[in-house]
Structure formats: structure tokens, C-alpha cells
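Record features (TrEMBL):
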ACT_SITE  HIS263  active site, proton acceptor
DOMAIN    23-110  domain 'O-methyltransferase dimerisation'
DOMAIN    132-338  domain 'O-methyltransferase C-terminal'
Amino acid sequence: MGSLDAKPAETQEPDINDQAQLWNIIYGFGGSLVLRCAVEIGIADIIKNNNGSITLAQLASKLSIPNVNSDHLYRILRFLVHMNILEHEICNGGVDKVYSLKPIGTLLLRDAERSMAPIILGLTHKDFMVPWHFMKEGLASEGTTAFEIGMGMPIWKFLEGHPDQSQLFNEEMAGETRLLTKTLFEDCRDIFQGLDSLVDVGGGNGTTIMAIYETFPHIKCTLYDLPHVIANSRDHPNVQKVSGDMFKCVPTAQAILLKLILHDWTDEECVHILKKCKEAIPKETGKVIIVDVVLDEESTHELTKTRLLLDIDMMVSTGGRERTLDDWDNLLKRAGFRSHNIRPIRAIQSLIEAFP
Ligand SMILES: C[S@@+](CC[C@H](N)C(=O)[O-])C[C@H]1O[C@@H](n2cnc3c(N)ncnc32)[C@H](O)[C@@H]1O
Ligand SMILES: O=c1cc(-c2ccc(O)cc2)oc2c(O)c(O)ccc12
């Protein structure tokens, strides 16, 4: 608590720690782009495949880049050590440093099941960073996103016309799913156990629904998304694929899954989607399973900042938002759901069951 004679903030001199804090926020993009470079050149995979540790000279020789500038590579490694992603040990009588992965560094592996590499490559792609430069213009226009202003069209139209970026986006979302599914099935087994059929609405390339089928093979599973997404989605002999527009209709099933869908849309659009989902499930035994962010603005949890940044991302990219407990309560009431429960899971998102 401030004392009564404390100076107002504007008359207090910011100290060097304040400067450092701001420098680190300003240069946040630098950290992201070093990570991107590390993933692009496959540093983590090379270290892992070299029995878990490597010298600078060995790493330089294994990169698929001709004439590697060793000084530049050294400085990238030094930064990654400072960021606690790599660690090093001095060997050969102090001549060489041997680099290895800290636990967090394994999340940069491109060939691992639980990897953040697809998220790094998606979020830092030039085309997906352009809209962030139009945040100010987005502030001045009701109903038009920064993405639309910067890229000339809404994100879903852009992805339809740009297959490479669409694939990158779908791989990013699939990477996110692979990070989540183990936790989801451990923390929420009961939620899927009793189902006989499930439609994953806006299910992307099918990674989530296929993981659900593999864990709960008694469920009749359907993947539903826009036609161009379904056309490029994975095949599975026991997962039916249906293309369409969730604003127009949703295939019927006992349960509908909406994973990272509602945070893409405004409240009015969400009410519309939720009503379509409600029409597609039985009144007595049906449910909508929502896997999405629940924001607690007061929480000091490490993921609160990530959730607030995702909220800004949704404002910039899709016109959607992240929602608090009260926001979810209001939304589900407006869409006519009689009750719901919210279960935190060990992830950015929570799991919400909504009953018609
Ligand atoms: C943020 S992604 C989430 C993908 C997936 N549920 C996941 O969590 O990995 C949103 C998905 O909604 C789909 N989508 C957007 N508009 C849609 C519409 N009108 N009808 C059906 N799907 C739509 C997109 O193609 C995309 O796959
Ligand atoms: O750029 C994104 C990122 C996400 C995202 C990444 C990781 C998570 O744990 C959750 C969400 O989601 C997005 C999204 O839903 C969207 O429509 C556009 C962009 C992104």
C-alpha cells in the first residue's frame, strides 16, 4: 500500500530496472525471431541427434547452410544460453564449449510430439505479423480488424486464397493440439468417455478429432470445417469428414467440440454459432464441449500474460476476444444453454461443458 505522502508516479524518476523492463518488452520481437531462426536451422534437433550435446564447430558443420558465419552462430547460441533454453559446459581444457538442451529447449524440436516449433513458425511468419502494425488503424474502425486493414481481407478469406499460409496456420493449430491432448485426456477423461458421437466444428486438419478417436474408439467422430480446410485435412478410416459453414449449419451428434473457435468471434457471432450447435445436439443427453481461454485478469499465474497476449492477437487477427468467467456465463445464457461447468486444465485453455 502507498503511504499518504508517497509521490505521484509522474514525479518519481524511473530507475534502471524500469528501463530494463521496458527494453525487454521493446525487444520481445527479437527473442521471438531468434527462436524462429533456431527452429528454421534445426538447432535443437541437431543437438539431440548428436547424442544430446555439441560444440560450435560441430554444429556449424551440421547446418544445411554453406559457409556458416561461426561468430554469428556463437552469438545466437550465447543468447539461447542466456534465455535458459540451452546450457553449456566448458571442455577440452577450457578450449571448447559444449552446448546441450535445457528441458524447455526440447520444445524447439521439430520432430517431437510435444513441440512448440509449429507455433513459433506460425506466429512469427511475416504475413501473420503484418496486421500487428495496423493495431492503431484497427482501433479507429468499428467491426474491421487490423488483419483486414493490413492484408486487405479477413483472415479466413486470406487463408482460403493462400494455401501455403493456410497449411502453416493449420500446422500451428495442430502443434497446439499435440501439446494439449495428453493433459486434456488425463484431466477430462470422463467428459469424452460416455459419448457415442462427436463433431469437431472448425476442427482444422483433423489432429484433435483423430487423437480423440484413437483414445476413445467407441465414439463416432466427424471433422467439420470450411471446404478448403477439409480438402487438405488428414484422412482417417474411422473419422468422417464434412465441409460446410458453421454459421449456416452444424452436423448432428450427441456432442459438439468447439476448440479455439469462439475466441475467434464477437459475442453476437458466438451466440449464432452456439445456437447452431444447440440445434445439432439432443436436448436430454447432448452437450457442447468448449476448449477455450478463460481469462482471470487479476491472476498472477505465468499464463495470464500469454492469455492477455492471445486476447490482443484475437483483436488484431480475427475480431474475437478472450473471455472471463462472467463473459462465458453471459454468452452461454444468451445462446439459451440451461447450465454449464468450467474446468481448468494444465493449459492455456479451460474446458467448458454446456448443456442445452
Ligand atoms: C483457430 S482455428 C482452430 C482449429 C482447431 N479447432 C484447433 O483448435 O486446432 C479455427 C478454425 O475454424 C475454422 N473456421 C473458420 N470459419 C469457419 C466457418 N464459417 N465454418 C466452419 N469452420 C470455420 C477455420 O478454418 C479453422 O480451422
Ligand atoms: O496465432 C494464433 C495462435 C493461437 C493459439 C496458439 C496457442 C494456443 O495455446 C492457443 C491459441 O490461436 C489462434 C487462433 O485461434 C486464430 O484464430 C488465429 C491465430 C491464432
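Glycine residues also receive a Cβ, built from the backbone N, Cα and C atoms like all the rest.
Applying an 8 A CB threshold to same-chain residues 6+ apart, the list for HIS263 (active site, proton acceptor) reads ASP292, VAL293, LEU310, MET314, THR318, GLY320, ARG321, GLU322, ARG323. Here the domain 'O-methyltransferase dimerisation' (23-110) is broken down by DSSP into helix, strand and coil counts: 51 helix, 15 strand, 22 coil.
Computed over the domain 'O-methyltransferase C-terminal' (132-338), the whole-number mean pLDDT of the model equals 97.
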